[in-house]
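Q: These came from TrEMBL, pasted as-is:
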COMPBIAS  B:1-16  compositional bias 'Basic and acidic residues'
REGION    B:1-34  region 'Disordered'
TRANSMEM  B:41-66  transmembrane segment
TRANSMEM  B:96-126  transmembrane segment
DOMAIN    B:101-306  domain 'ABC transmembrane type-1'
TRANSMEM  B:138-158  transmembrane segment
TRANSMEM  B:191-210  transmembrane segment
TRANSMEM  B:283-307  transmembrane segment
Amino acid sequence: MATETTTRARLRWGLLDAVVVVFALIPVLWIASLSFKTPATLTDGKFIPREWTLENYRTIFATDQFVRALVNSIGIALIATLIAVVLGAMAAYAIARLDFPGKKLLVGVSLLIAMFPQVSLVSPLFEIERQVGLFDTWPGLILPHITFALPLAIYTLSAFFKQIPWDLEKAAKMDGATQGQAFRRVIAPLAAPGLFTTAILVFIFCWNDFLFAITLTSTERARTVPVALSFFTGASQFEDPTGAICAAAVVITVPIILFVLFFQRRIVSGLTSGAVKG
Amino acid sequence: MSERSEQTAVRGDGRHAAVPTQRSRPRRAPLSENKKSERRLGWLLCAPAALVMLAVTAYPIIYSVWLSLQRFDLRFPDERAFVGLENYVTVLSNEFWWTAFGVTALITVVTVAVELALGMGLALIMHRTLVGRGIVRTAALIPYGIVTVVAAFSWRYAWTPGTGYLANLFSDGAPLTERASSLAIIMLAEIWKTTPFMALLLMAGLALVPEDLLKAASTDGATSWQRFTKVMLPVMKPAILVALLFRTLDAFRVFDNIFVLTAGGNETSSVSMLAYNNLIRGLNLGIGSTMSVLIFIAVAIIAFVFVKLFGTAAPGSSDDERR
Amino acid sequence: MAEIVLDKVSKRFPDGTDAVRDVDLEIADGEFVILVGPSGCGKSTTLNMIAGLEDISSGELRIGGQRVNDKAPRDRDIAMVFQSYALYPNMTVRENMAFPLRLQKLDRETINSKVEEAAKVLELTPLLDRKPANLSGGQRQRVAMGRAIVRQPKAFLMDEPLSNLDAKLRVQMRTVVSRLQKQLGTTTVYVTHDQTEAMTLGDRVVIMRGGQVQQVGPPQELYDHPRNLFVAGFIGSPSMNFLHAAVEEGKLRTALGDVPVGDRLRRELEAADAPRELILGVRPEHFEDAELVDAETRQRGLEFEAPVEIVESMGSDKYVYLTVEGERASAAELEELAADAGAADLTGGGANLVTRLSAESSVTEGENRRVWFNLEKIHLFDPANGRNLTLHEGRAAGALAS
């Protein structure tokens, strides 16, 4: 009898799980489906393609427009992530481990920035960047990306750093290690997962940005994929760009899906540890 | 007392003649070397992050206040002039602004409310499910990770007559060309994208509810609904407030979805969309900056109300001191 | 191997608080010394100063005759066992234990043989290739010890090493620590807040309160001859009973009856600045069921009658809780001790006595019972400064001494 109720409970949970999974995946599967459709079947409204083709992918990788945007997206996101994680780690270490006046202020300011309406910066940054020559360049996008990624990085990293048992540092010193050895051989290996998780979160954030990318760029020099997507016109004027847009969308979605598949647990802990402290 | 004992300690042992000179230094400066270097290191480590954040936010927002007080249209750069509050009058008496403001407020309220309910359900499922916990969590993370523009395109094509599976399902009209249905789709897209984030924050709150507390409540005779409202919700309150605050401010910035789904047509512009249009399409820096400042003020008011209403529950105050 | 000398060592934090004040302590080579006291008494700070993990604000620390105030921990050649064990989670047990040796740049073979040897002593050999996460609490504790002994340091410092273990394991590990220390003969400083550990482990015990040493001595001496109220209340489990006592006409009026006073104490109480109110202290085992006391012994004590609240039979003897009328003793020290035990707000009416009576006693709950207590073993304290008035040249002599 007990087994019967648990079977029923499992079934109920299974059903709920299925609803969640379907709800989460349908838009993704739909755009993937569109990207594999031939131009002839594109407007048939069927969820599963009747004829499969890779033509759309061939098209986008043949256009300079998309390849340039992809390079921009990857380059800008990687550089911004690297800088944000390094700066964030420095600040987070100070917040988690050191006692100094102004610490609370820094935490408060970074929180404010996390909630800052980015659109409020669009007009002044547009003007400032045009004046100093950063408009439509990589650094012109990297800077605002770093700024808005930093609060995220500081929060998650300081939560991670607070969890590191710092007794270990003392223990290493007692065992005869210098400050440098204690950091290299004991603390760094423990901090690595936190840094890695933060890097993924920051990368997702930069990868996702649309507002800055569309206002602070004007040409292929620095335009990222999300922006390029919205300007896609297809190979010729008369061609429907839908298939190409979908193929490009799938291409920039794949890395995110891989991150999520491989690092699900870490992403969850990273996202929540920074926001809610126990 | 301590001062005196230190002196006797020195006087009492004449062998360490070198010690008093060493020790007189910290007496003049109240902080020990160690402490001072800790402070210096703290500032040094935080400085780069703080400088970048301030340079890219504080200075531009001040600059944008300055710009908002000028007539400044890039198409007519010669007519640039200081006009005081004229831009504010223009914007605040403009019906497009108020329509956009209404749309933004509507989207914010509806999406945050729905997300809270759905997110709570999703959090409960992720936290308590007996089967496939890993799969559910992974699936729920996907909307969070997907580029908003990609998701927006997916929704757009889903509702495009002919192409879309959803459009064919519901009606023969074109939902993205009518105001009400467009807004509904925009909200659907927003909710799909951000419910997982809400759920994750709430799940972290759920994890803080001690199992024993729930067991105690059920032995005390509480029904599962009572356990939820009387035991879980109060413990989760800080997590809920943090999630609400973050999501409200985030929802107020809605831009990507509208840009792709309707481009602001049929009076579906949000304030962000309107500011963008004035700036990039209209190249009117004065009006664009005025809107930037107004949006900043609106967000500041929302944040202030949250913090005031919920007092110490606001994040940042939970920052625990060392020791 | 070396002796450790603390010469007027003080620690002042930047916010002005004195964590440790003028601690003088000489720890002989091979001695096992316990630092004990309630939380915040400065015992851990003292240990950290010996370790070199905290700066010494003033005073001098010598290890093996050498001033080490300004030496980094790694130049002091001492090992430490932490309360949290502080095992490196990314290393196996073997690597954890080898870590200090590898930092000394010893060759692989020496390291291996030393680690194996230490592992054998602590029965860790089968666990050598596991990660700390896969060990039980007791095993982790032993690895932490292993890492300390493996390099044969001048001294061991232990910071509440057993407090994260469950009660049974703690008793077991206590003997392990004790045996190990005797076997190795290494100078050991051990910090604990548990008075049982303090009593059972050390050659000498240092009791601290508010950053100052209260009393130093072998455990039995601290138990029998506490210098002040704080030491008396801290050492012993169940702890000493304290009752209010009023000085009236050469006698002490207490809830247990009028206590007669010997000549020596009388002289002291007749002094102009002598306190009018005292605190009477009686250890639980100095009570006895009046029925079981023979006539000769009876003369050395006093009898009273009180309602029996609870009887706990331990087999070997009985803990009997009595309710007595009258005021509860009050002093800053007692409040601090109660707060440390977490019972500061448990104030019933009247006073409760914990007594330890013979197992043969036929005492039952709810009855009124005549109970005797030994006047030669009682202590009297000045509530103002906590001083033990019955102490004469370091020995407690009860109320009757002449």
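The backbone N, Cα and C atoms fix where each Cβ goes, glycine too.
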Q: Ranking B:41-66, B:96-126, B:191-210, B:283-307 by the number of C-beta pairs under 8 Å to the transmembrane segment (B:138-158), which range is first?
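A: Per the Cβ under 8 Å count, B:191-210.
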Q: For the transmembrane segment (B:41-66) and the transmembrane segment (B:191-210), decide whether they are in contact, meaning at least 3 CB pairs lie under 8 A, counting pairs 6 or more apart in sequence.
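A: When sequence-distant Cβ pairs are counted, the transmembrane segment (B:191-210) does not touch the transmembrane segment (B:41-66), since fewer than 3 lie under 8 Å.
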Q: Taking residues 6+ outside the transmembrane segment (B:283-307), which of them lie with a CB under 8 Å of any CB in it?
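A: Apart from its flanks, the transmembrane segment (B:283-307) reaches 61, 64-65, 67-68, 70-75, 83, 87-88, 90-92, 97, 101, 241, 244-245, 248-249, 252, 271-272, 274-275, 314.
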Q: Any residues 6+ beyond the ends of the transmembrane segment (B:96-126) with a Cβ under 8 Å from its own?
A: 133, 136-137, 140, 183, 186-187, 190-191, 194-196, 198-203, 205-206, 240, 243-244, 247-248, 251-252, 254, 267-274, 291, 298
